[in-house]
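Undergrad: Questions regarding the structure given below will be posed in turn.
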Amino acid sequence: MDYVTSFVDLWSLRGRVVIIAEKPKAASKIASAVLPSYRKITVQGVPLYVYKGNGLEVTVASAAGHIFNLSTKLSGYPVFSYEWAPSFEVDRRSLHIKKFYQALIEACRGRDYYINACDYDIEGSVIGFLIIKFLGDPKKALRAKFSSLTPAELRESFKRLTRLDYEMIEAGLARHELDWLWGVNISRALMSAVERAVGKRVILSAGRVQTPTLAYVAQQLTERNLHIPYPIFSLSLVVEKDSARVGASREKGVFETQSEALRVASIIKEKKYVQVEDYVEEKVSVPPPFPFNLGDLQGEAYRIYGFSPYKTQEIAERLYLEALISYPRTNSQKLPPTLNYGMILNQLAENPAYRYLVAQLLSETGGRLKPREGPKEDPAHPAIYPTGVKPPHNLPPDMLKVYDLVVRRFLAVFSRPYEIVRQRVVFSAGVPGETFYSEGQYLVRKGWLLYYYFHTPRETRIPSFRKGELVRVVEVDLKKMSSKPPNRPTKMSILKWMESVEIGTESTRARIIETLFYRGYLKMSSRGVEITDLGLGVIEVIGEFFPELTKVELTREFEKSLEDIRVGKTSRSLVVEKAKQTLSSLIEKFEPRKSGVGKELAIRLGMIAPASKCVICGRQALSGNMCRYHFEAYRRLKEGYQEWSRREGVSFRDYLKRVAESRSTGKWVKEVAEAVLKGSVLVLD
DNA sequence: GCAAGGTC
């Protein structure tokens, strides 16, 4: 078969054809783009689109994501056998899928051809294939391939149908099986260990995405709790020019010792002047932002309104279902060139809130609408944009906020750069190597900030300076500070981290973060995200017995295997078999230690008391009298004195006092320092 | 019941 003739035109087929879309919205768009005319019927409340003519009957039906899910009837572990089952039969949270399943049974009955028209990505290939496998006939199946739901592209794709993309399907099936095998088996191992220790069932979980995410949070918060602050000294100046006062910071940053800071400060005080070494003023042009993908929208809604990523995602999904915005679960920062931007703008202009902005945009662009785009792409969906449909008057305020972000961002991407003048002056302080700088900026053209004003830079204009000019110093500020611990993670920073290491997807990242809270691994306090003793314990246990699962590299390995399946270098059965072997041998090594692990986790759950208690916190003590966290804090506290005595020349006791008092000190370190001062913990060499 | 991945 040569290349060209391997394509099949829908309109060359004869008989009864069913087209399967991934979701109702897509089914509707496919029907109106591809069918010359259709009748819309409803089965179990699910719309089907039917065309009859030219010896052909075509029905467009729709899934609602995955209709089938892996499951097993077996309990216990290791469990290596499973089968695909309708999701609503194995999980009552999926009951809303049942009507789609029933409508698909109707739509697939007695067909001559089955066309998988789900999103052209690995999951879409699986969704369509399983429906055809269980409700149709894979021997009579074809695949439609399109990367956007625009009418022209859809029509074209149905003229160039191919055979089923079996390589992609096999890769997709393997992804499901690998995640299931690792997730279900390790989760069961943890739960079973606790059950053996205390005879009670507790729900615990582990997985390829959630466990590395938990490990990341554990690592961040552990470093924070173990932070030893070091004294640092910040020297800044206030200079005066044309009766304007300007603050200046030291270019080399902070001093490590007070004596050095004092030396420089006193020289400047004596001289009373600094000299302008350099002054630069440049106009910078800042191009419009990229169109939103979900992660960027979540980031902005968090930054501007404090919405959690999950909240933003839920709102965006509701806006999508009300047809106000395009598909939100996308990674793309690109807008389809086939989209009628002008029409959307005209519709947006019917909303008084945007009328003026649209008029302004059309006038500044002269109607030539070319969006700025970012590098990120998505195989199945474009960036998020407003559809132009007018929101109802009673749209809840939080939904309106997210909608407004999407509209304003969409307007901004067509606009012009804003222009800002950035100023930078460098003063030499008359001490070799000691320079200070001030920066200022002021806006000279608003550009896209008119539409998307959430980024408006602060105006901090400073006077202009001449090189060589002497400037009077009116203040010399020497501040004693402490080195700061790493920031506490937030739901948003966790999600951004997941994006940066490429684990999870747009649809799942925010949800998986919520799962960590729901399991009791993480909790929210007034301070922000905290990790619980259970969360720490789970990471320690998995890190010891199933270390692969705590690392993002497992995802990289999966991706490599899936790619190899796709290009025919290996097969799904080989990849899955290897995973089973790996899991078997890990579980084999886990078994003899299971009781101990169960007890440890039960202690973390507060279900049993530790055999010996940490003198500071009451957690299970190691061989000494402290838990592993306070022991590590104790070790670092002793180690930290070296540096403190170099910088400050303090006694050990004064060092402890200062560390105990500092607000930058990590929680565990502070607790140890206080205990040593009280005498409840002795310092040994 | 446990994963991650779709989507109502």
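Each Cβ is built from the backbone N, Cα and C atoms, and glycine gets one as well.
Model, not experiment: these values are computed from the prediction.
Features from TrEMBL:
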- A:370-380: compositional bias 'Basic and acidic residues' (COMPBIAS)
- A:16-150: domain 'Toprim' (DOMAIN)
- A:165-587: domain 'Topo IA-type catalytic' (DOMAIN)
- A:369-388: region 'Disordered' (REGION)
Undergrad: So which residues does the region 'Disordered' (A:369-388) touch in its own chain, when a touch means Cβ under 8 Å and the partner is 6 or more beyond its ends?
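TA: Those are 119-121, 124, 147-148, 287-294, 297, 316, 323-336, 339, 341-348, 403, 406-407, 410, 413-414, 506, in sequence order.
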Undergrad: Go ahead and report the DSSP secondary structure tallies for the compositional bias 'Basic and acidic residues' (A:370-380): helix first, then strand, then coil.
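TA: DSSP classes over the compositional bias 'Basic and acidic residues' (A:370-380) add up to 0 helix, 0 strand, 11 coil.
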Undergrad: Note the mean pLDDT of the domain 'Topo IA-type catalytic' (A:165-587), expressed as a whole number.
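TA: Per the prediction, mean pLDDT sits at 94 for the domain 'Topo IA-type catalytic' (A:165-587).
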